[in-house]
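Heads up, the thing below is written out as structure tokens.
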Amino acid sequence: MADLHGCCRPCATCLLCLYSCQWITAKKEKRKGLRTTKCDCSWFLFLFCVFLFTLVWLYFTMIILNDFHNFNEFIFKQRKLWLDWSLVLLIATAVLITYSAVLLVLALCLQLCGQPLKLHWLHKTLLILTALVVAAAFTGLGIKWAEEWRSARISLQATGPFLHIGIVGGMTILAWPLASFIYRTCNTGLKVFLLLVYCTVMIALYLAPLGITSPCIMEENQLPPKPALVGHRGAPMLAPENTLMSLRKAVDCDVQVFETDVMVSADGVPFLMHDEELTRTTNVQAVFPERAALNSTAFNWTDLQQLDAGSWFLERRPFPTVQSLSAGDRDQVTKQKIPSLEQVLEAAKQINISIMFDLRPENHSDYQSFVNATLEVILQSGIPLQQVLWLPDGFREQVKQQAPGIQQVYGRKRLQNEKEPLLHVNLPYQDMSSEEIRQYRQDNISVNLYVVNQPWLFSVLWCSGVSSVTTNACQVLKEMKHPIWLLPSSTYLMIWIVVDCASFLAILWAFLLLKKCSQGRRPAESETDVLLTKINSLMQE
């Protein structure tokens, strides 16, 4: 092991202790024989790869937070257990990334101090476990939640320019330990290999912006109007979903359309409910325990009115915003009942808000009677038909004939040989590219994408020119007066050039400075070796 060049002995000892889990003193005679072997280098490379692997998972974690409420609902349907699993995911990911990052920093510091990279077996075991856990997480994501891969591609349109700057910065910092290792090692082949790999990666990074595209790289005067907000089941972060309180809160957030789900009771009354069972959003298990597992449509309207549709919101806290509700709002929550479609249409007519809904369940044997009952309530309500947006595909032609004024919204893209031109489409945000959104906009087709909760995603869709978005976070998106970032192409070009030039100069400086330091140490080391040899000879005489 080399002497402690540029690093005090206590610091080197502490670094070795943390990395190797052994208290190795800095006395030279006790450090004889400690060298960084090929096996040690392999473990350092593995550590670096695990860190990058975990870092990529952290990025995915931040992206899938937009859709994590759907995952929470899925787990509840399967296990009847409600928990905000996003907190579990974030904590676990933070632990893994922190552990691998600390180990990597220790290894780089040891390399700069000229110390051996003797990774302890416990760290090796934990690193292997970390890699396996992250690999399992990615595998599960691909199997059960494959659409999130498309979300990741969309996210690169929002983060690509900044990821490029961050990666270039990280690789630039890596030049210091790399240069230190190259000037210390005597293996010429290894030197050439590492330099070729590093230079190849840096050249690729310097040219990466040629492949980075984002709808938010545009001039200010080209920015489309802000998308309209569609309240997903109202304002579910501020009030229990699919209730009259949720509708009122959505109106306070400047929502233009109330999106909901309609079912029809056993005695023919259309009412608001998303789940096929009542267990998640009501106290049906307490009121009708023997019937709790039945489909929502199996209950008559009198039974449904006995249920509390609000208290679950305070008990389960589906969103962190529940904690900040005022005392008055909490009192209102406990008074919420399942609203009928008639009640909601009357409220929508009074406050002049449109309503868009799905009619569920689509595979029910009495679905046509559900359509008839729903149409009857709409026509009798007196609401202007242009305020009603019809989503269900079943019996759509019948609806067009009986109520031609209702706006028809399609859950698909247009076909090549479309008999009747589409005017409104409603799709998951992963299903449309920025180019398709622009084309639909040019063809005067209104595009609504769901469910958009995070400001970064809203910004990308805003820059793309989407007409509206369905959101749980209307109170957040309401406050956005501008996309998170908007860069003219000339400004981005300038940033690209400045970052690349600064990185190149920093790398050049690191290699030149460390080369000078290594050359200055060699004569001193030679003189020290000669002196020690003479002293040893005299002592033997």
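Using the three backbone atoms N, Cα and C, a Cβ is placed for every residue, glycine included.
In TrEMBL, annotation is done automatically, which means it is predicted and not curated.
According to TrEMBL, the protein has these features:
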TRANSMEM  41-65  transmembrane segment
TRANSMEM  85-113  transmembrane segment
TRANSMEM  125-143  transmembrane segment
TRANSMEM  163-183  transmembrane segment
TRANSMEM  192-212  transmembrane segment
DOMAIN    227-481  domain 'GP-PDE'
TRANSMEM  493-514  transmembrane segment
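Of the two recorded stretches, the transmembrane segment (85-113) lies close to the transmembrane segment (163-183), with three or more CB pairs under 8 Å once pairs fewer than 6 apart in sequence are set aside. Contact between the transmembrane segment (493-514) and the transmembrane segment (125-143) is absent: fewer than three CB pairs lie under 8 Å, with pairs separated by 6 or more positions in sequence.
Non-local neighbours of the transmembrane segment (41-65) in the same chain are 71, 86, 89-90, 93, 96-97, 100-101, 103-104, 107, 117, 119, 124, 127, 130-131, 134-135, 137-138, 141, 145, 148, 151-152, 155, 159, 454; each lies 6+ residues outside the stretch with a CB under 8 Å from one of its CB atoms. Across the residues of the domain 'GP-PDE' (227-481), the predicted structure has a mean pLDDT of 96.
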